[in-house]
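Heads up, the thing below is written out as structure tokens.
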Amino acid sequence: MALRFPRFSQGLAQDPTTRRIWFGIATAHDFESHDDITEERLYQNIFASHFGQLAIIFLWTSGNLFHVAWQGNFETWIQDPLHVRPIAHAIWDPHFGQPAVEAFTRGGALGPVNIAYSGVYQWWYTIGLRTNEDLYTGALFLLFLSALSLIGGWLHLQPKWKPRVSWFKNAESRLNHHLSGLFGVSSLAWTGHLVHVAIPASRGEYVRWNNFLNVLPHPQGLGPLFTGQWNLYAQNPDSSSHLFGTSQGSGTAILTLLGGFHPQTQSLWLTDMAHHHLAIAILFLIAGHMYRTNFGIGHSIKDLLEAHIPPGGRLGRGHKGLYDTINNSIHFQLGLALASLGVITSLVAQHMYSLPAYAFIAQDFTTQAALYTHHQYIAGFIMTGAFAHGAIFFIRDYNPEQNEDNVLARMLDHKEAIISQLSWASLFLGFHTLGLYVHNDVMLAFGTSEKQILIEPIFAQWIQSAHGKTSYGFDVLLSSTNGPAFNAGRSIWLPGWLNAINENSNSLFLTIGPGDFLVHHAIALGLHTTTLILVKGALDARGSKLMPDKKDFGYSFPCDGPGRGGTCDISAWDAFYLAVFWMLNTIGWVTFYWHWKHITLWQGNVSQFNESSTYLMGWLRDYLWLNSSQLINGYNPFGMNSLSVWAWMFLFGHLVWATGFMFLISWRGYWQELIETLAWAHERTPLANLIRWKDKPVALSIVQARLVGLAHFSVGYIFTYAAFLIASTSGKFG
């Protein structure tokens with residue numbers, strides 16, 4: 001008999017219904033559940049798949065470079081980054097009529113093109129790329145790396161090259177190599193690139209393989225390094241009149257602490273960034289030599305953890321048992337990695353707009369909006385994933401005997417206190433925030449806007465003032481002009497930083513008021529509720545008050561009637577499913593807030609945000625409705641324009657989103673009956689009944705339908721907002 005899909009589970013392959021296909025797809029990556037899996041093969045499969053992941057990433061980035069070099073306008077854009085629109089790639093579409101061809105022929109192109117809102121042009125320009133040839137070279141190099149990764153993945157599945165389990169579990173060695181290799185050496189290499197290529201390029205000097213050995217990055221070469229006169233590298237920085245990419249107003253410094261932004265590009269000083277990466281490199285190179293491996297020197301992580309017994313016995317046996325628990329659980333490790341990566345991705349979103357690193361990106365408003373939104377959504381998905389794998393850890397890998405009375409066991413012991421604490425915090429935030437918004441709504445509806453409850457965020461304003469923002473008049477710490485810290489700041493550290501905070505041309509420490517106070521608490525509500533659902537899902541994964549015997553029912557049991565008190569929505573899977581809706585909801589509020597506040601800043605009508613953001617009707621009317629006018633106008637009696645594609649995507653996003661509800665709000669029995677009816681009709685229809693199928697069609701399980709519904713809801717939600725964001729921003733600012 002020919003092997004049927006899925007080959008990794010012969011039990012499932014025997015299933016006579018369409019469940020075989022769906023469950024096969026669902027468990028394809030759950031290596032732990034596959035037939036004949038051993039711990040060694042599990043680790044080797046995951047290791048090999050990492051190489052495949054890298055190959056895909058390199059191929060994708062190579063494609064970006066290649067298409068811009070082939071179909072973009074990089075060399076033209078460099079001549080005038082503020083007015084030429086960067087082209088991502090050409091569009092070839094046989095359906096385009098003349099109006100469409102005209103609408104999408106932009107940026108000096110000969111035919112229809114897509115505009116780039118990813119910031120790659122600004123990034124490549126900042127790091128020293130200047131010609132299409134540079135882009136092609138980069139694309140080829142990344143293609144080579146992609147091939148190398150694929151070969152590496154294949155190689156590490158061959159018998160002679162398969163790593164052993166002991167190698168995967170050597171935590172100290174892995175930590176040393178990741179700290180000093182991934183972070184240390186790569187940061188050092190990046191410093192080298194910035195100093196040898198990017199900084200000279202910003203001063204009009206073109207350094208490539210043919211001349212990089214005879215162009216000194218600094219007039220004094222390595223002299224100051226070896227004589228200990230490191231401060232020489234910071235002397236004579238670029239002046240405030242420096243024209244980026246030319247020698248006009250440029251200096252010779254390579255490692256500085258200027259602070260603030262380059263006046264022309266509105267981005268951080270390249271010499272500050274080189275200095276930053278050098279410091280990071282040194283820190284991580286030291287950190288990467290701290291853990292004990294072959295030589296018996298350095299820290300043992302197990303010893304470190306076991307020494308962590310808090311005084312007074314308030315946390316029981318502290319971190320005892322954690323080393324083996326974490327080191328033997330891939331899900332725990334993945335949970336930690338995802339939690340860290342999620343936080344970092346959100347921080348990237350926050351810092352890319354407030355401290356722009358790439359030349360001229362701050363003046364490309366649509367790109368700023370797109371990058372912020374993109375990174376916040378990615379962060380949301382990654383963070384929810386962290387808790388999902390935390391829940392799987394408790395089900396598959398947690399051993400109560402091994403963790404007796406340590407910090408992990410104590411989390412489980414008082415989980416009810418944790419869950420109820422999050423619960424009352426969420427309820428408090430929700431009712432009070434909504435109460436304020438609704439009160440203000442009613443006051444405006446009755447024409448008595450002066451009766452709104454408007455709360456000044458004085459604590460946040462005080463914190464901003466302490467960091468140097470003077471406009472609130474608090475006169476405290478760095479905003480106090482006669483304080484020692486302020487005066488030291490003028491000369492010793494980051495002299496440009498305080499100026500940047502008080503300039504109104506950037507997004508540092510934006511002025512905040514009652515509207516910000518309210519939306520801040522709405523976002524806090526979203527964050528706490530999402531966290532509540534996720535934490536409860538993980539802590540109750542093996543058993544809860546309602547159903548103490550969960551661990552015998554696997555990871556994703558369906559709704560099981562009222563027998564054990566009803567098991568709907570109480571599996572770890574269900575918690576994840578519900579949390580994703582709240583995550584999307586929260587990030588919706590975050591991105592609405594960011595976008596509206598910035599649109600009014602960029603347009604110079606900040607009072608619109610300040611006055612309309614204190615009541616819900618203001619958000620609905622003056623943000624959502626007002627800014628969707630371009631989308632509703634994508635197609636009109638006068639033909640089409642360059643926003644038509646976003647108008648279409650806006651509609652299509654709503655369609656996908658609405659389709660999600662067909663799976664989310666329905667009864668499984670209804671679908672089963674519908675399927676049976678269709679199958680019956682098919683089998684009795686001449687000609688049609690010549691087509692047969694082997695698998696008996698059955699309705700999706702409850703968990704499957706929820707997944708399909710959630711996927712449509714998420715994709716539709718993001719498509720809709722992406723179209724809204726890009727069209728409303730590019731429609732205003734070009």
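Including glycine, each Cβ sits where the backbone N, Cα and C put it.
CYS559 ([4Fe-4S] cluster binding site) falls outside any helix or strand according to DSSP and counts as coil. The [4Fe-4S] cluster binding site feature in Swiss-Prot is assigned to CYS559, CYS568.
DSSP gives HIS654 (chlorophyll a B1 binding site) a helix state. Annotation comment: Swiss-Prot describes HIS654 as chlorophyll a B1 binding site, evidence class sequence analysis.
Feature annotation from Swiss-Prot assigns chlorophyll a B3 binding site to MET662, TYR670; the stated evidence is sequence analysis. Here MET662 (chlorophyll a B3 binding site) comes close to GLY709: these same-chain residues lie at least six apart in sequence, with C-beta atoms under 8 angstroms from its C-beta.
For TRP671 (phylloquinone binding site), the same-chain residues 6+ apart in sequence whose C-beta sits under 8 angstroms from its C-beta are ALA699, LEU700, ALA705. Reduced to three states, the DSSP call for TRP671 (phylloquinone binding site) is helix. Sequence annotations record features per position, and here Swiss-Prot assigns phylloquinone binding site to TRP671 based on sequence analysis.
Within its own chain, the transmembrane segment (46-69) is flanked in space by residues 31, 87-89, 116, 118, 120-121, 124, 132-133, 135-136, 138-140, 142-143, 145-147, 149-150, 152-154, 156-157, 163, 168, 330, which lie at least six positions past its ends and keep a Cβ under 8 Å from the stretch. Marked as transmembrane segment by Swiss-Prot on the basis of sequence analysis: 46-69 (among others).
Feature annotation from Swiss-Prot assigns transmembrane segment to 135-158 (among others). Beyond the ends of the transmembrane segment (135-158), by six or more residues, the same chain brings 44, 47-52, 54-56, 58-59, 61-63, 65-66, 68-69, 74, 124, 129 to within a C-beta distance below 8 angstroms of the stretch.
Positions annotated as transmembrane segment by Swiss-Prot: 175-199 (among others).
Taken from Swiss-Prot, the feature transmembrane segment applies to 273-291 (among others), supported by sequence analysis. The list of residues near the transmembrane segment (273-291) in space but at least 6 beyond its ends in sequence, with Cβ under 8 angstroms from a Cβ of it, reads 172-173, 175-181, 183-185, 187-188, 190-191, 194-195, 198-199, 234, 254-257, 298-301, 357.
Annotation source Swiss-Prot lists transmembrane segment at 330-353 (among others), citing sequence analysis. For the transmembrane segment (330-353), same-chain residues at least 6 beyond its ends with a Cβ under 8 Å from one of its own Cβ atoms are 42-43, 46, 361-362, 368, 371-376, 378-380, 382-383, 385-387, 389-390, 392-393, 396-397, 507, 594, 598.
Per Swiss-Prot, transmembrane segment is recorded for 369-395 (among others), and the stated evidence type is sequence analysis.
Sequence annotations record features per position, and here Swiss-Prot assigns transmembrane segment to 417-439 (among others) based on sequence analysis.
For 517-535 (among others), the entry in Swiss-Prot reads transmembrane segment, with the evidence type sequence analysis.
For 575-596 (among others), the entry in Swiss-Prot reads transmembrane segment. Only residues 6 or more beyond the boundaries of the transmembrane segment (575-596), in the same chain, are considered here, and those with a CB under 8 A from a CB of the stretch are 353, 369, 372-373, 376-377, 380-381, 383-384, 387-388, 391, 516, 519, 522-523, 526-527, 529-530, 533-534, 536-538, 540, 569, 609, 613, 619, 623-624, 706-707, 710, 713-714, 717-718, 721, 725, 728-729.
Residues 100, 103-104, 628, 630-635, 700, 705-706, 708-724, 726-727, 730-731 of the same chain sit 6 or more residues outside the transmembrane segment (643-665) yet have a Cβ under 8 Å from a Cβ within it. What Swiss-Prot lists as transmembrane segment is 643-665 (among others), and the listing cites sequence analysis.
Per Swiss-Prot, the feature transmembrane segment maps to 707-727 (among others); the stated evidence is sequence analysis.
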Best-contacting stretch, by C-beta pairs under 8 Å, relative to the transmembrane segment (707-727) and drawn from 175-199, 369-395, 417-439, 517-535: 369-395
When a 10 Å sphere is centred on the Cβ of TYR670 (chlorophyll a B3 binding site), how many other Cβ atoms does it contain? 10
Of the binding-site residues CYS559, CYS568, HIS654, the one whose Cα sits nearest to the Cα of TYR670 (chlorophyll a B3 binding site) is CYS559
If you measure between the CA atoms of CYS559 ([4Fe-4S] cluster binding site) and HIS654 (chlorophyll a B1 binding site) and round to the nearest Å, you get 29
For MET662 (chlorophyll a B3 binding site), the three-state class that DSSP assigns: helix
